[in-house]
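Note sheet for the following structure.
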């Protein structure tokens, strides 16, 4: 554990101070050696020996992590990436600065959906690689070992699709900063144009693995769509043909570990060869090796070879590496005749893997794999015995305890990733377990048969498709169950509360199960039921406070107000607006602000669980960094952005977040007209397709909308448009009832446009005490002079516009969990500008037209 914590902490550090860290590691190692020697001399193996182990493993992890991450910060590519990150946007006619790179492919190509123009989306393909040799424009050549991510756009991705790990290539690329969404292990993002030049082919093992993977895809071509995509994913981790809605169903039911190959599949394959882990070294052992009469050492050698082949074919994914490490330690114990102990083997595998690859310390996949395995090994047996003592059937008790143990330890992590707790996860996992082993073994049979006899492989694929189809059916039906997901807060708060709830459930659940009286006497039923009742009541209260169901939250806080038409979220210095559609819990979101947690909080307060469209007006961080918060635990139909990828780093991050969530990316342009039910429609009035964008480019490329909601209320949402772009909207928009003031109410406004719009309500999104001086007092005064009531998030909190028509237009604010009503009033009365609480009401008056 100490090695894991140290590696995870060091991976997040800024570059530099390596010598100091190595010095501290040396001191810790020396102290550990002294403590270890002292404990041995005294023949005591208590706290001193434990502390020595912690110091020694922590020191070793420090050295290993510094060694592994050194290439992230040295050499020409990291330096060029840092320069590109702070460089001004490149002009359209300015050529890109290209470097020549020789690299070794480190992973399979991955396709992502990207922003497309009016003709549709395009493909973005990324490949993990290690740069071996770099030639910069001035001719200097540097040999290096820099991890990079290669990105290829559009039709140029074709020649890259079939690349295999270990192939060496030469490419010409533009160096950009590495986006976290693509690869946190990369020092730079290489944007490549054109086909690669191969310097050497992949290694023989990788070529064999590639043929086997391709053969499995070919053999499964005749299966139904779900099975055709799921069988290669389950067997070898090839998820390229999985339907997006099927992946969503697996996520909703916490079955996503079955979408791609995992450590459980290796355990199944090894079990077929060696038998159950607890019996592999005993006379009662089973499996193919025992059937053939092979010795333990030969069986261990075959198990080792099978494990290495599995990792090569299925790729070194975190869960596969965890299972392989545990299996190899088990093979060593089997070959030497020592008893296999699963928990020490798991701990040893984790230690070795983190030292060899410190990046695993920050891998959620690795963490979930370790936690699930620990739940199976530690909690599972105890819970199974408890169930059996209560007359549960033997096999059902074992399966239920194993599933519940894994779910219990994984729950605090899954809430961070998904933003929900699945109430159907345990029954769905139990039903899925019936098919996992048959699907895995039949799938590997297809894999092995395909090179020998394609006809037989296709024949075997048919029965393999049956259990795989069952898995898809369980996921889809489970995802369709009403109330199957419980929304949950994100971040550390969500982790801690999920942990507390899990512990309470683990403590209280056995109390509700009848059991036989033991030899010591009868169970005190009254005490048991009192404890269970108290625990259940506390859980209900805790869940009500944390989850805040929309109906309960509205009763308790009055938010959101009835008949709300738009909400401007208080997310700090940035923009985020929410437009409800007719379906309860559904809304269109415009921008996401700078903070994922703030974005998630605003949507949770409004009870929004479905977002048909997230529209990003432009790619500045104060509009897009909150995108993960919108995606957290919600169904998002699509993300639509502007036509200019500026700044490119933020645009790449949005692209990667969308790709990770399986959400398509689109471009918005003038002339687009959309609706989301009868009560919400909008027209894109800017930017013009192909129009030149004046500096500042990103602001003036903002998507501007004319929105119409129920009752004919018209709203103009102007993003961060500056005066040159605002002036182009004259004559396109006309008068409106509500104006989202451009660029957080800055002093740079086109007052001819403002005079033509003449809004009754002007909404400004800005952060309290921001360093930009937003909003400008001059802007606020001139908006008042036009007859508008000005409301600001820095003083009012969340702002909701209400009313069934322009005549009944009103507003409500939500500061610190409370709200007060407002009516558009005289231009001289702007309570949000004059009061930090937003209290007060006004007689509605239409501004002069």
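Backbone N, Cα and C define each Cβ position, glycine as well.
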Checking 220-241, 396-417, 462-483 against TrEMBL, the stretch recorded as transmembrane segment is 396-417
What range among 255-276, 563-584, 585-606 does TrEMBL record as transmembrane segment?
255-276
Among 288-313, 626-651, 652-677, 678-703, TrEMBL marks as transmembrane the stretch 288-313
Transmembrane segment per TrEMBL, picked from 173-197, 423-447, 723-747, is residues 423-447
Mean pLDDT across the domain 'Metallo-beta-lactamase' (581-753) comes out at 89
